[in-house]
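**Q** Could you have a look at this structure, given as structure tokens, before my questions?
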Amino acid sequence: MAEPELVNGGVKENKLWKGVFAVSGIMSTLVIYGVLQEKIMRVPYGVNKEFFKHSLFLVFCNRLTTSAVSAGALLASKKVLDPVAPVYKYCLISVTNILTTTCQYEALKYVSFPVQTLAKCAKMIPVMVWGTLIMQKKYKGFDYLVAFLVTLGCSVFILFPAGDDVSPYNKGRENTVWGVSLMAGYLGFDGFTSTFQDKLFKGYNMEIHNQIFYTTLCSCVLSFTGLILQGHLLPAVDFVSLHRDCLLDIALLSTVATASQFFISYTIRTFGALTFAAIMTTRQLASIMLSCIWFSHPLSWEQCIGSVIVFGSLYAKNLLNNKKNSQTQPPPPELPQYEKVESS
């Protein structure tokens, strides 16, 4: 009897270390990503205090890095690079993903990172709308209640900013109406992207690296074309060649963005979407706190209440979902089956 207990203990310890790896990977990469994107878009470079204005160039660099790494992962695992789904479906995800990321970067010119991060929590509503339209999903009353509370908390956070914002990076740049409009575009496009990705995974038997590779490859082509058509490619290259610290920031941003993609995929595959949602909620809270400290963003008491409403609702939803999931799940499989799942 001692041997099975020893085996089960080893499995639990292995799962624990995988959890530590997943949490530390997601938290570190995405928190660094958040700080870097705010620095690039809101902090001036050089003695002349010039701002980096070419958000599409950031999208291109991020997607180029991710597509190269995902191609390397496919080749290293000796898997074919042939597309599993029709190419136009990858392109559709790419277009909405580019629009999502561009709105995200552009919004940082007009609203602070804490406002943007908390507003991202309101993506539940567009996801529910797109899920109903595209996948004919049905949601319960509790889901709508959580979505309403999160939206309410986000609205309070945006509408009641601190009156004595001492951040030197906000002066003359705040425009709540335009910033909120860009965030609304971000939420709409992001909701469609995630819902259509879900539909693509369920409709085709594809590896995560396959979807990442073709989606980011299409994004590279589209963003590069957009830079040329807008005439922003050479100005962006001139800016980063003149300001080497900006080039370093963009390189690091692309690196952590790529790393976060694979940590996210690993976490969802190993622990499921519910655990991933709880980790992401914690990451958003940590990002807001770090941004407030790093870039001197004060929070009003109304914003603190809004934050409590948002994160309290999200944690309550995750807790209830985990409880419901544990009650409906069958007993854990024996060790040979567990090893088979982990190696797939």
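Numbers here mean position along the shown chain, with the first residue as 1.
Cβ atoms are placed via backbone N, Cα and C, with glycine included.
Source: prediction; values computed, not measured.
Below, the features straight out of Swiss-Prot:
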REGION    324-344  region 'Disordered'
TRANSMEM  16-36  transmembrane segment
TRANSMEM  56-76  transmembrane segment
TRANSMEM  115-135  transmembrane segment
TRANSMEM  142-162  transmembrane segment
TRANSMEM  176-196  transmembrane segment
TRANSMEM  220-240  transmembrane segment
TRANSMEM  246-266  transmembrane segment
TRANSMEM  292-312  transmembrane segment
**Q** Mind checking which residues of the chain, 6+ beyond the ends of the transmembrane segment (142-162), have their Cβ under 8 Å from one of its Cβ atoms?
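**A** Same-chain contacts beyond the ends: 111, 114-115, 118-119, 121-122, 124-125, 128, 176, 180, 297-300, 302-303, 305-310, 313-314, 316-317, 320.
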**Q** Given the transmembrane segment (115-135), which of the listed stretches 16-36, 56-76, 176-196, 220-240, 292-312 has the most Cβ pairs that are under 8 Å apart from it?
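**A** Ranked by Cβ pairs under 8 Å, first place goes to 176-196.
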**Q** Can you tell me which recorded stretch out of 176-196, 246-266, 292-312 has the most Cβ pairs within less than 8 Å of the transmembrane segment (56-76)?
**A** 246-266
**Q** Sort out the residues at least 6 away from either end of the transmembrane segment (176-196), same chain, that have Cβ-Cβ distances under 8 Å to it, and list them.
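**A** Sequence-remote neighbours of the transmembrane segment (176-196) are 89, 92-93, 96-97, 99-100, 103-104, 106-107, 109-111, 115-116, 119-120, 122-123, 125-127, 129-131, 134-135, 158, 161.
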